[in-house]
């Protein structure tokens, strides 16, 4: 009887869903499916019917059919948000009984920026462990896209347990200078894939060393912004070399010291040794401090042959203002937003006093996301407004001297002067 119960518990698998939102999100999960990320269910969510049709995901959800007619959000986050609110019932059904949800998207455009926070809110309402994995735009994509991205990320933070931000601009330090633009975006997709794959597979798949879902939840529940580092190496010292690459990854906008928790995922062939695990963890502790609470696990991937890949996710610390850290990255965004000539943009920042753009970013977030109404609430408001006008019209007919209340003409948000 005891063994039967154990078999039942062993058969229970953590329900993990990976949701790609918008074009970039769709590309990311297609990359995951192509690289055979196991143990998860994939969902593609978009306002663009044509792009959605091309997704490799088995589950596809077209949102905002009335709002966008399947023609996309036109790079307007408010349209993406309205589309998600219109299809809120479908999104609730999509989340269903999931225990862990990854929401991946590219911030700065319309659907990803606007709809992803709505999906994050719904996931939290279902009490899911909710992880956002989002890219920030390249600088060359322009100040408007960057401003929208920062507003979208700030809105995501209101709902996700952990937000992993991947700055595309940092990827330029990881690719050859002559890399074509298309390849650069594919490389960004591969980083998204590795981040999700590293965490999901050590929970969902049997491996040399497994991590319980409860452990992952303790590291990532309500932890705010997280950092992602990835390293890969071959040869005799591959463990230490891969760990060093992950620690010093260009993706890390600040250093690891100050983090309270970390998940370290090893992916390799069956020849990963305990000595290698010990040496890699020791290398991370030497850099981040002995107080760092580390959970680690490994999955077997024989396609890697003798290569060892280490994925590091650090959580539980406040952003530090330090040279080369988050402050300087925000300063770069400020430079982009304030530049009138894109040719004048400089990545390096020499000022000792970074410009504080928090108020400007908060204002943009409020503009795009404040006072969200569900589709039901919107319909209710429209009905109330129609009844008010009908009542006013009846009163006017009874007494012609009563003039109708003047209605201000409203332009769509994207037509208003910024």
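Every residue, even glycine, has its Cβ placed from backbone N, Cα and C.
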Kindly point out which candidate in 89, 176, 189, 212 is recorded by TrEMBL as part of the GTP site with 23, 24, 25, 26, 27, 110, 111, 112, 141, 145. 189
Which of 141, 189, the listed binding-site residues, has fewest other Cβ atoms within 10 Å: 141
Across the record's GTP-binding residues 23, 24, 25, 26, 27, 110, 111, 112, 141, 145, 189, the largest CA-CA distance in angstrom? 19
Which has the fewest other Cβ atoms within 10 Å: 27, 111, the binding-site residues listed? 27
Once the chains shown are all counted, how many other Cβ atoms turn up within 10 Å of the Cβ of residue 25 (GTP binding site)? 33
